[in-house]
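K.L.:
Dumping the structure here so I can ask a few things about it.
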């Protein structure tokens, strides 16, 4: 065999010839072909850069890095914008003679079909499946059903809280979700505490406590102290329940679904929202509030069109906010 040739043995013990790889100046490299785990050699030449030398780094690493920062910025924007719009529109619904708590609960998940757009646009056809034994359909269905029922109950608590609190007070109490996130993540997901988390927990908990004991806190007109306290407790309970829900979702990804890709997260959001929507519809009819909806729309302070648009955009805003939280 010539001295400038390389021979490697593959599984059938035959010899293959790999010519030397030429770089930009026309000289041959002294490196033998790269061996993979199965004994085969790669036939890809080194990546050439401007000076003729090779690099092992793919050229899209920096692009992917900037893409991750861009996605993070977009997630933060949609979360803040969606939550602010949903709270203001929800408060506007109550201020203009909207009275149905079940309708306010329903709109928080009713717009889940819009998530089918990103689901099919960025479907999992390009995502590798790393699960050798997928979970049983009954197990996955049970997980979605339980989480969906919890989501419906959480939305009802939020609706009652927003009915009796101002938008600013409601938003500040909702911020205590960070404290509950830390607690449930530590207990359920084994997330470690950090100094920043502890500082945020103390500040937000103290702020919510001061609101709870302050009789002069801003609130909607005509709301008694007892109803204010009820709204405070419902909002605080909703924040705690939603934090528990997020931790249970994370646990489901790791223990049941065994993966956490973009499409799987969207599926979780779609199916749990569908269950919560069904529960809210049942509650709307079981409570008898559906009988008052026609009169509510006719007597809405800013007109019928405004009534419908308020509910529609509230539903859209809640869905944008919730998917970014997930």
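Don't overthink the numbers, they just go from 1 along the chain as shown.
Using N, Cα and C of the backbone, Cβ positions are placed for all residues, glycine too.
Taken from TrEMBL, the feature region 'Disordered' covers 20-51. As annotated by TrEMBL, transmembrane segment applies to 69-90, 102-122, 142-164, 170-188, 195-213, 228-249, 270-287.
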K.L.:
Using a Cβ-Cβ cut-off of under 8 Å, list the residues of the same chain that are 6+ residues beyond the ends of the transmembrane segment (102-122) and lie near it.
P.N.:
86, 90, 93-94, 151-152, 155-156, 158-159, 162-163, 262-263, 266-267, 269-270, 273-274, 276-277, 280-281, 283-284, 287, 289, 293, 311-312, 314-316, 318-319, 322-323
K.L.:
Taking the transmembrane segment (142-164) as reference, which of 69-90, 170-188, 270-287 has the most Cβ pairs under 8 angstroms?
P.N.:
270-287
K.L.:
Cβ under 8 Å to the transmembrane segment (69-90), counting only same-chain residues 6 or more beyond its ends: which ones?
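P.N.:
Contacts with the transmembrane segment (69-90): 104, 108, 159, 162, 167, 170-171, 174, 310, 313-314, 317-322, 324-325.
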